[in-house]
Amino acid sequence: MNAIWIAVAAVSLLGLAFGAILGYASRRFAVEDDPVVEKIDKILPQSQCAQCGYPGCRPYAEAISCNGEKINRCAPGGEAVMLKIAELLNVEPQPLDGEAQELTPARMVAVIDENNCIGCTKCIQACPVDAIVGATRAMHTVMSDLCTGCNLCVDPCPTHCISLQPVAETPDSWKWDLNTIPVRIIPVEHHA
């Protein structure tokens, strides 16, 4: 019994010593990140879709900050992300890449043709935001609220049953411009 307590104490002391060494090393050799890169990375939608030409949102943020890359290449983020980055960097907003005539493209979402889906799960594996649900050899479906329209699920589909379609506008998804709606404050009379 005494040997067990000695072993427990020895392992605990070793864990404490190695933890202290790692804690000291993490502070001593810490690498400071560029705060601008961090801010740009927080603005980007984190869909890791690679439509901008970079393998993910973090490398794209680094390219914008360090290499002067265009701020208009994020397709899932669209105009809203581009405008936030332009405001952060204090630069002129640019038309979205490849869409010089239209600044606000329609939001696209993946749609699966349920009659042709064979349940191979290749689209589920390709989706960077887990917007597709389903099981092997069962029909899959896309959760449109989570879909970023990154187009990464379309190519892996062996039956070509996935397509991108614009999201239909509903009163809930419509972007109301509340500044143009006339509002009048009606005074309320208090009766005692």
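Glycine too: its Cβ is placed from the backbone N, Cα and C atoms.
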[4Fe-4S] cluster 1 site partner of Cys49, Cys52, Cys57 (as recorded in Swiss-Prot), chosen from Cys74, Cys117:
Cys74
Listed co-binder of [4Fe-4S] cluster 2 (same site as Cys117, Cys120, Cys123, source Swiss-Prot) among Cys150, Cys157:
Cys157
Of Cys127, Cys161, residue recorded by Swiss-Prot at the [4Fe-4S] cluster 3 site of Cys147, Cys150, Cys153:
Cys127
Quick check: with Cys127, Cys147, Cys150, Cys153 left out, which same-chain residues have Cβ atoms within 8 Å of the centroid of the [4Fe-4S] cluster 3 site Cβ atoms?
Ser47, Cys49, Ala110, Cys123, Ala126, Pro128, Val129, Ala131, Ile132, Val142, Thr148, Gly149, Asn151, Leu152
Sequence gap of 6 or more, Cβ distance under 8 Å: name the residues on the same chain that satisfy this around Cys57 ([4Fe-4S] cluster 1 binding site), in order along the sequence.
Asp41, Leu44, Pro45, Gln46, Ser47, Gln48, Cys74
Give the sequence-ordered set of same-chain residues, not counting Cys49, Cys52, Cys57, Cys74, with Cβ within 8 Å of the centre of the Cβ atoms defining the [4Fe-4S] cluster 1 site.
Leu44, Pro45, Ser47, Gln48, Ala50, Gln51, Tyr54, Gly56, Tyr60, Arg73, Ala75, Pro76, Gly77, Cys150
